[in-house]
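Database features, via TrEMBL:
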{"type": "DOMAIN", "residues": "40-432", "note": "domain 'Amino acid transporter transmembrane'"}
{"type": "TRANSMEM", "residues": "76-98", "note": "transmembrane segment"}
{"type": "TRANSMEM", "residues": "135-157", "note": "transmembrane segment"}
{"type": "TRANSMEM", "residues": "169-187", "note": "transmembrane segment"}
{"type": "TRANSMEM", "residues": "194-217", "note": "transmembrane segment"}
{"type": "TRANSMEM", "residues": "229-252", "note": "transmembrane segment"}
{"type": "TRANSMEM", "residues": "264-287", "note": "transmembrane segment"}
{"type": "TRANSMEM", "residues": "310-333", "note": "transmembrane segment"}
{"type": "TRANSMEM", "residues": "353-370", "note": "transmembrane segment"}
{"type": "TRANSMEM", "residues": "376-397", "note": "transmembrane segment"}
{"type": "TRANSMEM", "residues": "418-441", "note": "transmembrane segment"}
Amino acid sequence: MESDKDKLVETVIAGSYVEMETEGKPARDLKSRVSSFFWHGGSAYDAWFSCASNQVAQVLLTLPYSFSQLGMLSGILFQLFYGILGSWTAYLISVLYIEYRTRKEREKADFRNHVIQWFEVLDGLLGKHWRNVGLAFNCTFLLFGSVIQLIACASNIYYINDNLDKRTWTYIFGACCATTVFIPSFHNYRIWSFLGLVMTTYTAWYLAIASLLHGQIEGVKHSGPTKMVLYFTGATNILYTFGGHAVTVEIMHAMWKPQKFKAIYLFATLYVLTLTLPSASAVYWAFGDLLLNHSNAFALLPKSPFRDMAVILMLIHQIITFGFACTPLYFVWEKAIGMHECKSMCKRAAARLSVVIPIWFLAIIFPFFGPINSTVGSLLVSFTVYIIPALAHIFTFKSAAARENAVEQPPRFVGRWAGTYTINVFVVVWVLLVGFGFGGWASMVNFVHQIDTFGLFTKCYQCPPQGGVSHLPLPSSGHLNATAFAPSPSHHHP
């Protein structure tokens, strides 16, 4: 039996796509070596950079807002809890990918010019109905994930240059983000993943250090949690933060040895926690309840060269993260129109532009930076990367024969199959009730409140009137006060 298992694992290792075939082969000339170093990534380190870089982007700027809704203790505990939960379901997705790929390669399937995606894994293991549900949730989540990155670009650049309104900045950065159509796959994100993580690391520590040096504002209050709607809105933003593994399958497929992915997402999450916990805690400590009306942490920190650098780095990283979220959508669209195996990158890039246009449009309709994160987290992330993977694992291995012949046996420390089943059921029940149920209710109440207050297609979300305004007082109850505007970057010097 053990030798059979080894053969199955070897089948995964000895993949048939180009990335695996070229691993370890020396580059012929200097140009090839440079291209390989910056462009062709398929190692476990590349996957780690991709996971960590993709997991934490603009959400760094909204986590202090979530802490003001949750309170310090709940904010920290939810980050730790959802970090563990996200790592577990990313592990499940990796197990299902290896199971699917092994079965297909035993049938002599060739993935030389084909990128495996999550909906295809569900189709191969569980049938077309699972495929359709997985495809619908995954594509919708990635669509709005891309929208959020575009909204964040406009929100951030405003703190450097407020001569243009945020809607105009959205037009400009939509064009910038459209350049990601020229990146073939996650295999080619090596240098961008590395730079993206460096940028978020700088921003996170800037937020923490700048807040500590700034000190607490006069009369600072830390009232949270005060309202249920605020509490669950904040919790679902953290659910969204650690739900960035909707692109796990595509990242695995770009690896030379996908079976090494199992613990990569956990290590990426541990690093991300060293960024999110200090930055969110420090900003909330310094500004307290003032964050309830400022979903972007940059709004409260004084203008300085260090802040401008953080804004610029986040802008670049958000364009990279836009590419991360959009690339699986590019693949889906290419497969739908029969362009996925086309050799011409220019033709594929032209076809991919059809995906960018609706994202651009949605970012202009719903420019609600902060509240939209929680809404997407509760309604889409909850199913896409928590509930569906847990259920898929349960149903894929429900029979004794499937469990016995599984390529990847559950680890002993979780209790093998019985422990895995118990954890999966807990994930489904918890996320369905707390994430989708309470979180969905709270997020939609907040989201509708933003629409009622600012309207759709609002020209400049949370912008002050011309000439700047002073801080509006916070209500003592901690109730939503979306009419309180962010301070003008050019006039605010706390």
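Keep in mind that glycine also has a Cβ here, set from the backbone N, Cα and C atoms.
Note: TrEMBL annotation is automatic and uncurated.
Residues 49, 52-54, 56-57, 60-61, 64, 275-276, 278-279, 281-283, 285-288, 290, 297, 301-302, 304, 306-307, 309-310, 313-314, 316-317, 320-321, 494 of the same chain sit 6 or more residues outside the transmembrane segment (194-217) yet have a Cβ under 8 Å from a Cβ within it. Spatially, the transmembrane segment (264-287) is adjacent to the transmembrane segment (76-98); three or more Cβ-Cβ distances between them are under 8 Å for residues at least 6 apart in sequence.
Highlighted: of the candidate stretches 135-157, 229-252, 310-333, 353-370, 418-441, 310-333 has the greatest count of Cβ pairs under 8 Å to the transmembrane segment (169-187). When Cβ-Cβ distances under 8 Å to the transmembrane segment (310-333) are tallied for each of 76-98, 135-157, 353-370, the top count falls to 135-157.
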